[in-house]
Amino acid sequence: MIEAVAVDIDGTLTDASRVLSPVSVSVIRELEVPVILVTGNTHCFTRAAAVLFGVRHFVAENGGVISSDDRIEVVGDRKLCDEAYKHLKEKFNIKKFDSRYRLTDLVLIRGFDVDAASRYLESLNLPVDLVDTGFAIHIKNRGITKGTGLRRISERLGIPTKRIAAIGDSPSDIPMMEISGFPAAVGNAHPSVKSAARYVADRAFGEGFAEIIDHMRAAGMI
């Protein structure tokens, strides 16, 4: 039995233009189990989205910020990300999105060799990773993922992660899918995400999310 649903926002609850899908809002509001928003977006954005969805629990900044019933925990170290960006800028033609609202990671504009940049950071022995969310590249603390964030929320709720469904579209969602009891992917998901999923929706974006919830209901999971 599934006791909670963890779901990514961009690309999963939105359309292709990152506009929230009305059908996903309706589906979430009708769910009778707790919903956990798990995203790479900022804390302030995720908090606003939680209000729109009527959700009390979320993980923001790819696991760096956890909030449950307005109790916020910051677990990432922004200074390490700033140091990594300084080194990368000296060697690669990169630019970051300036956001004073980010607490634990940095966001880079796409268009550079991510694999080469990752290897360079490895050579410097900096405990950070580059993560592609499908919309941007994030510099984040190593060991902090959507999976670690979901685990913290599950502990607060007293719900084992194997009783939580995890739904997403990008590789950054895989860590939370791997620890969940029912990993699922929307139709527009990256191939690696589909491979990690137990169920892959035929439909994309918010419509795909609705399809997954319908499947879970039909199977008696929720």
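Just so it is clear, glycine is given a Cβ too, placed from its N, Cα and C backbone atoms.
These numbers come from a predicted model, not from an experiment.
According to DSSP, Asp10 (Mg(2+) binding site) sits in a coil region rather than a helix or strand. Residues or ranges marked as Mg(2+) binding site in Swiss-Prot: Asp8, Asp10, Asp169, Asp173.
In sequence order, Val38, Thr39, Lys146, Ile167, Gly168, Asp169, Ser170, Ser172, Asp173 are the residues near Asp8 (Mg(2+) binding site), counting only same-chain partners six or more apart with C-beta under 8 A. Feature annotation from Swiss-Prot assigns active site, nucleophile to Asp8; the stated evidence is sequence analysis.
If you look up Swiss-Prot, you'll see Lys146 marked as substrate binding site, on the strength of sequence analysis. Neighbours of Lys146 (substrate binding site), defined as other CB atoms within 10 A of its CB across all chains, total 30.
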Around the Cβ of Asp173 (Mg(2+) binding site), other Cβ atoms found within 10 Å total 35
Which of the listed binding-site residues (Asp10, Asp169) has the least company, meaning the fewest other Cβ atoms within 10 Å of its Cβ? Asp10
